[in-house]
Amino acid sequence: MDECGDAGSTQEIPGILHLDMDAFFASVEVRDDPRLRGLPVVVGGAGARGVVAAASYPARTRGIRSAMPMASARRLAPDLVIVPPRIEHYRRISARVMELLGDVVADIEQISVDEAFLDVRGARRLFGAPEQIADLLRRRIREELGLPSSVGGSVSRAVAKIASARAKPDGLLIVPAARTAEFLAPLPVSVISGIGPKAQEALDRIGVRTIGQLREIPRSALARAVGPRAPEILALADGSDRTGLGHRTRDKSLGTERTWDEDLTDPAEVRRCITQMADDVARQLRRGDFVTRTVVLKLRAPDGTTITRSSTWDQPTSSGERLREQVVSLWERERSRMRRVRLVGVRASHLEPAAGTPVQSELTARAAGWQDLEAAMDRALERFGTHSLGRGSTLSAADGAQRGPADPVPDPAASSPGHPAEDGPHPRERGGR
Ligand code: TTP
Ligand code: MG
Ligand code: MG
């Protein structure tokens, strides 16, 4: 999967991921008009002073890059396809990407319209090792939004970002802690975000072009070349930087949702589906040793109208029985307004670790019994797979449920930050897949 060996070979988990959409604006345009696939496509102003905002990978093989004057791009590719930007459209898709990431990972820092850092160390118990989580995220973005993305992973943010650029397009590259120095050594110093053109020139004058060379020179020489940021740059250069995410930690939550190709019109079927999802969510909670205080039901009608309704308990729980009761009663309240349903989601939020949660004194014997039974079902499911056991009333929903294609209905626009200045390298290599 990656060129850096087994990620499990060291103690420290390379659990900081950087996900960045490939040729984001251009990929959206190609997705929306498949005739553009494989062509040199750019998004940007077509006028005399137009500039390239995004270039598809076929355009890049012709030397076309973001920020290039459109006139130069046209010279490089006479058959260039120029698409005018649809910023609001990209913003909505960006919000969908971030929402999708938030379904899996609680710690996210969005740093531009198409990229985010994710700290997946806490998500491991639920979703597996960083590479499995990265695979899951990339697959879901591909399946649900029809777009390619790349992920880099490391113990450090800086290295994760460098790795995602090396993985592009459509790749994954996880750098295990023990292989960090080896990964960085041959790369040009310009991939370090603290090194601008001036510092690069100064280093070049003393014969330093790669990160490996940078690490060899005396600190005094480095300080002369790059100024007071030398220690910080050195930390980035040897991968010892441990800056955490710029904490915009979101509420921990987990959930599941499904979109149907054809509307659900039978209330009994919706109810079965919701019940099944509540069971799934409860099982995920128990697998991660979490309990929840809040369960959220999301419903979307065919015209895009979306409602979310939540219900909160005093005592946290991971009981499927309790989740089912609540979401079903939320559904009963809404069903007269939602006669046709396109999407159903169930989510548990405000998660807390189960360990240390006081035993619920008000638990009835029946509820406690349910929890024991559910724990036994979890064990059986783990041994025999997800279809070996289920409560009779929910099996048919599982069989009938399908994941629909990319949801055509835009979510209400969530604002996303503008594009920051970036000084990373342009990707040159294919990732490991
Ligand atoms: P980037 O992630 O920098 O670039 P990209 O997604 O087009 O390509 P890749 O990540 O595969 O290298 O930027 C995301 C979007 O931001 C990009 O599609 C268009 C917009 N953008 C601009 O409008 N102007 C710019 O100068 C850059 C770099 C990007
Ligand atoms: Mg991008
Ligand atoms: Mg980006």
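Positions of Cβ are set from backbone N, Cα and C atoms, glycine also.
Any TrEMBL annotation is an automated prediction that lacks curation.
These numbers come from a predicted model, not from an experiment.
Marked as active site by TrEMBL: GLU115. When secondary structure is read from DSSP and collapsed to three states, GLU115 (active site) falls in the strand class. Note: GLU115 (active site) has non-local neighbours HIS18, LEU19, ASP20, MET21, SER164, i.e. same-chain residues 6+ apart with C-beta under 8 A of its own C-beta.
For ASP20, ASP114, the entry in TrEMBL reads Mg(2+) binding site. ASP20 (Mg(2+) binding site) has a Cβ environment of 22 other Cβ atoms inside 10 Å.
If you look up TrEMBL, you'll see 420-433 marked as compositional bias 'Basic and acidic residues'.
What TrEMBL records for 16-196 is domain 'UmuC'.
According to TrEMBL, the feature region 'Disordered' maps to 389-433.
Within 10 Å of the Cβ of PHE25 (site 'Substrate discrimination') there are 27 other Cβ atoms, across all protein chains. As annotated by TrEMBL, site 'Substrate discrimination' applies to PHE25.
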Legend entry - For ASP114 (Mg(2+) binding site): intrachain residues, at least 6 apart, with Cβ closer than 8 Å: ASP20, MET21, PHE24, SER94, VAL97
Legend entry - Per-residue pLDDT averaged over the domain 'UmuC' (16-196), given as an integer: 93
